[in-house]
There are 2 protein chains.
Amino acid sequence: MNVRQKPERTRLSAEDWEDAALNLIAEQGVGALAVEALARQLGVTKGSFYWHFRTREALLQAALERWEQYGEREIISQIEAIPDPRERLPELFRRVAHELHPHRVYAALLKALDHPLVVPVMARVSKRRTEFLHTAYSEAGLEAEEALNRARLTYAAYVGFLQLNFTLGLPRLSHEEFDAYVEHMIATLIPA
Amino acid sequence: MNVRQKPERTRLSAEDWEDAALNLIAEQGVGALAVEALARQLGVTKGSFYWHFRTREALLQAALERWEQYGEREIISQIEAIPDPRERLPELFRRVAHELHPHRVYAALLKALDHPLVVPVMARVSKRRTEFLHTAYSEAGLEAEEALNRARLTYAAYVGFLQLNFTLGLPRLSHEEFDAYVEHMIATLIPA
DNA sequence: GCGATTCCATACGGGCGAGTATGGATTGCG
DNA sequence: CGCAATCCATACTCGCCCGTATGGAATCGC
């Protein structure tokens with residue numbers, strides 16, 4: 001903990017602040033996003049911050065936009081590259097299940113749904129992902145109505161799982177238990 | 001808005017404060033729980049508050065305990081009263097789906113998982129409910145391992161749905177769409 | 001009805017963190 | 001090299017809200 005990536009990074013850019021903000025959010029939540037704290041962590045003072053950003057909210061906004069931009073790109077394209085549509089969903093499940101850092105941020109944002117700024121971002125992201133699932137289920141053979149509801153159900157299960165196991169450290173699943181759970185999801189949610 | 005239940009309730013008890021706190025939490029989230037605001041809303045001043053409670057956190061704690069106590073009691077017992085185990089889960093789904101106020105509080109607490117005080121409460125509640133689902137699935141015919149994972153999946157789907165549709169006002173389902181979604185859940189998650 | 005207890009109002013102290021002002025250091029550029 | 005733009009430090013102000021201190025009003029017990 002408390003390690004600076006580069007001990008002396010004599011000059012900072014707005015992007016540096018945004019990245020640092022996202023990291024801090026991932027570790028301590030949106031509520032902990034304070035400019036003096038961030039400044040300390042970056043080895044500078046407020047003076048620097050208020051040169052790059054007009055306000056604290058502006059940083060949050062920028063950081064969220066940044067996150068929304070460079071969020072899922074790769075995974076989606078990787079999945080779409082799989083030729084057989086029926087193999088895509090299981091592969092998606094397993095791949096997503098073994099991610100970590102993206103989930104941290106998403107979970108942190110999930111428990112910061114108080115804040116008005118994060119709501120629209122999360123809404124957009126969730127919408128896009130649900131739509132992706134929707135078409136995936138359609139291509140896997142479900143008919144329209146059913147595919148949509150299954151997509152909703154799947155994404156809800158994903159979001160809920162993050163809350164229960166990430167934020168609340170609820171069942172504390174072992175590696176094997178977790179894998180078994182994922183396989184159970186696949187068996188239950190994906191048509192044979 | 002801003003209606004006092006009883007215009008003049010000349011004297012207040014600790015329970016009154018706790019109820020008011022829960023209502024405020026349900027409407028505006030845990031973050032909005034400020035003693036002066038609450039006092040205004042109750043038509044008194046801080047002086048009153050600090051006679052009943054040692055601190056703001058103490059109120060939150062008390063309110064959460066109160067909520068945890070009188071939370072689900074009735075529904076669970078009603079469900080357990082259903083003779084045929086295979087009818088319990090569908091009935092549970094449909095009943096829960098048509099609640100409202102309890103979900104408000106739960107959703108508000110869900111997006112306040114930042115706060116250290118709410119985490120253990122939510123953990124306990126979620127654990128109990130998942131266990132309830134676990135036995136229900138067992139009684140409905142699933143074997144041990146599968147029943148547990150199905151319970152986790154079901155509760156995760158519930159939690160996620162609250163987040164997506166309550167907090168984010170995401171798909172804005174119509175009445176019919178919502179019912180269709182619930183039936184889809186039943187068809188997908190509950191063994192035939 | 002009268003003192004003691006319970007409940008509440010008013011006024012103040014103080015911390016925490018956002019935002020401002022201003023001058024100094026560093027870097028790019030002619 | 002030297003000037004301008006860029007980046008940062010220091011030292012404030014200010015608002016918000018928790019908590020405290022103390023006196024006054026309402027209510028209960030005898």
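Backbone N, Cα and C atoms are what each Cβ position is placed from, and that goes for glycine too.
Quantities reported herein were computed from a predicted structural model and do not represent experimental measurements.
Range annotated as DNA-binding region by TrEMBL, chosen from A:14-33, A:34-53: A:34-53. Each residue in the domain 'HTH tetR-type' (A:11-71) gets a DSSP state, and the totals come to 47 helix, 0 strand, 14 coil.
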